[in-house]
Each structure stands twice: as C-alpha cells, then as structure tokens.
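Annotated features, as they stand in Swiss-Prot:
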type	residues	note
DOMAIN	37-192	domain 'SIS'
BINDING	Asn52, Gly53, Gly54, Glu65, Asn93, Asp94, Ser119, Thr120, Ser121, Ser124, Gln172	substrate binding site
BINDING	His61, Glu65, Gln172, His180	Zn(2+) binding site
Amino acid sequence: MYQDLIRNELNEAAETLANFLKDDANIHAIQRAAVLLADSFKAGGKVLSCGNGGSHCDAMHFAEELTGRYRENRPGYPAIAISDVSHISCVGNDFGFNDIFSRYVEAVGCEGDVLLGISTSGNSANVIKAIAAAREKGMKVITLTGKDGGKMADTADIEIRVPHFGYADRIQEIHIKVIHILIQLIEKEMVK
C-alpha cells in the first residue's frame, strides 16, 4: 500500500547523504569541529547548544550524548543544551522569543567555550542572536545549517551545511548523523 512512498523517502534520504558526501569540505569541517570541541574541553571549556523544534531536540541529544555516553562508557564531557523550560518561558515572556538563547549564553558562556547553533534554514533569529552573544564572550561558534546557510552563513568559525532545498527533515537527518560522528571523534580526541 505504501511501499512506493517508503522507497521514495529512503531514496531521497540516501541521495541527500550522497550529495553531502560529495563535498570533501564537509568531511574536513566535521573533523575541525570535533577537534575544536575536544580542545575546548581539554582547556576547561564547555559547549552550549541550541536550536528550535527538531533542531532543539538535536541540540539536547548532542549534549546528552556528551554528558552521558555514546557507544562506550567514559567520563562525561561538559555540554549544556539551552533547554531549561523555566529559562525559556521567563526570557520569552519578559524579553521575547528571539532572546531565549542569547540570554543564556550571556549568563553562562565564557571565553574558550563553544556554541553549537543548529538551524535547518540558517535563519533562526534566536540562534543568530546567540551567535552574536557568543562572539561577545570570546566563544568559538560551530553551526549546523541547511539550504544556502541563510543569515547564519559565514557567521561561524566552522559551518557544516547540508545543501538540501526540500523539506527540513532531510537536513535534520544529516545533522543527527553529523552529531553522532562529532561525538565519536571527540571521544577519540579526548584520549590522545
């Protein structure tokens, strides 16, 4: 009944991944991002992650895999997803939704920390404001974006962009794979 739809969805996902893999710059960017994160941890820094909707879930998943575990037991790494409901509702109410991430970065971000900002469109105003706040604090910035990078293009130290112009879920599928690879590489770097 739905076999053709299922095949089409899986084929489109495979095609999106194949297109991402064709550009060696993506592979190098992932490696550089992992080393940057591990270097921050080794120097006593932390990573803050943020995004909206599914990207918010990815930001939380990233932090959870770092503080908890990925595939093997190891020490936890300092990672915080900006997802505290009381913070988000307070700042959203008192300042506005566009400030929910930047206020948190202003409060706990430090020089030497890293911000991971995730936006499939690259146009999330609250993530863009978080990037600006991170810069003010002397933090490094890594972004996971899609399409043409949107307004977030060229705002990060390292941008990992999925150049897919269809539905956002295809971009998110690559983002979560990148997140898992980042964690795997961070674990390797941390034992060097």
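Placed from the backbone N, Cα and C atoms, the Cβ positions cover glycine too.
By neighbour count, meaning other C-beta atoms within 10 Å, the densest spot among the binding-site residues Ser119, Ser121, Gln172 is Ser119. In sequence order, Glu65, Tyr70 are the residues near His180 (Zn(2+) binding site), counting only same-chain partners six or more apart with C-beta under 8 A. The C-beta environment of His61 (Zn(2+) binding site), restricted to residues of the same chain at least 6 apart in sequence and closer than 8 Å, consists of Ile176, Ile179. Listed in sequence order, the residues Asp58, Phe62, His175, Ile176, Lys177, Ile179, Ile183 complete the 8 Å Cβ shell around the Zn(2+) site centroid, once His61, Glu65, Gln172, His180 themselves are left out.
Under a cutoff of 8 A between CB atoms, and with a sequence separation of 6+ in the same chain, the neighbours of Gly54 (substrate binding site) are Thr120, Ala168, Asp169, Gln172. Here the binding-site residues are Asn52, Asn93, and the one with the most other Cβ atoms within 10 Å of its Cβ is Asn52. Residue environment of Glu65 (Zn(2+) binding site) contains 20 other Cβ atoms, counted within 10 Å of its Cβ in all protein chains. Averaged over the domain 'SIS' (37-192), the predicted model reaches a pLDDT of 98.
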